[in-house]
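Residues or ranges marked as substrate binding site by Swiss-Prot on the basis of similarity to another entry: E68, L85, D86, G87, T88, R182, D211. If you look up Swiss-Prot, you'll see E68, D83, L85 marked as Mg(2+) binding site, on the strength of similarity to another entry.
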Amino acid sequence: MQKPAVNIMVKAARSAGNVLLRHINKLETLHVIQKSRMDYASDVDEMAEKVIVKELKRAYPEYGILGEEGGLQGNHRIMWVIDPLDGTSNYLRGFPHYCISIALVENGEPTDAVIFDPLRNELFTASRGAGAILNERKIRVANRKDLNGTMLNTGFSPRERSRAHAQLKCVDALLMQAEDIRRSGSAALDLAYVACGRADAYFEAGIKVWDVAAGMLLVREAGGYVCDFKGADAPRMDDKGPESCQLVAGNIKVAHALQQVIVSSGYGREFDPKR
């Protein structure tokens, strides 16, 4: 039985999903803002976030909000961390891979998570200590023992393009062991896919906390492990934590092996968490 907070999160995510689907055939009418060279937002991002915030605030008016479009509002000790459209570039091009991500964070740690893919009607949920679920089915991370034959997910952050050479060097080293590496354009779905075993691990630098807050909990509750590029604990999700971070996720053996390649290739040294 889901917690009341998760039920509200699911309702909010599904409402936002309806907003995304209603506009998918009229993308040319959307107003698009270029936040940086490779980072975009649109009317539909804002509309979806407003729908989510309205649902959450109605049920829990005392909780704070950290959203991609609206920033931090209110109480940061207990807050919702929202990405109303993770994979905006995909969405705006009609590429069918994007989602809504919502996490409830208490004292810097995610306690509940929802990731919803409206196109596939796939609903990922997790609560701390209660496991991870995909459409009412318990999920687990893959059980590989090392990097050999793994399917890895990554992203090329628009905020870290100057370090692309280091990431490509890391990718080159990983391809000597992994079966393949995917770059899907949605960090939240990348983590959800690690949680359900569709991918073996995920790594990325310069990723925003709202992109990964829900996915981190999903991976942990699916029996996985999450750390930064140095092998330390993943960052806090509050005003004391960084706005962007570096992340490695998978089962503990694969995550550690991946983190070691990141360090040995020099990619970890290239990342500056203060950027």
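In case you wondered, yes, glycine gets a Cβ from its N, Cα and C as well.
The binding-site residues examined here are D83, T88; by Cβ neighbour count within 10 Å, the least packed of them is T88.
Take E68, L85, D86, G87, T88, R182, D211, the residues named in the record as contacts for substrate: the widest Cα to Cα gap among them comes to 24 Å.
Checking the binding-site residues (E68, R182, D211) against D83 (Mg(2+) binding site) with a 10 Å Cα-Cα cut-off leaves E68, D211.
Sequence-distant contacts of G87 (substrate binding site), defined as residues of its own chain at least six apart whose C-beta falls under 8 angstroms from its C-beta, comprise F95, H97, Y98, C99, S184, G185, S186, A188, L189.
Taking a C-beta cut-off of under 8 angstroms and a sequence separation of 6 or more, D86 (substrate binding site) has the following same-chain neighbours: Y98, C99, I100, S101, S186, A187, A188, L189, D211.
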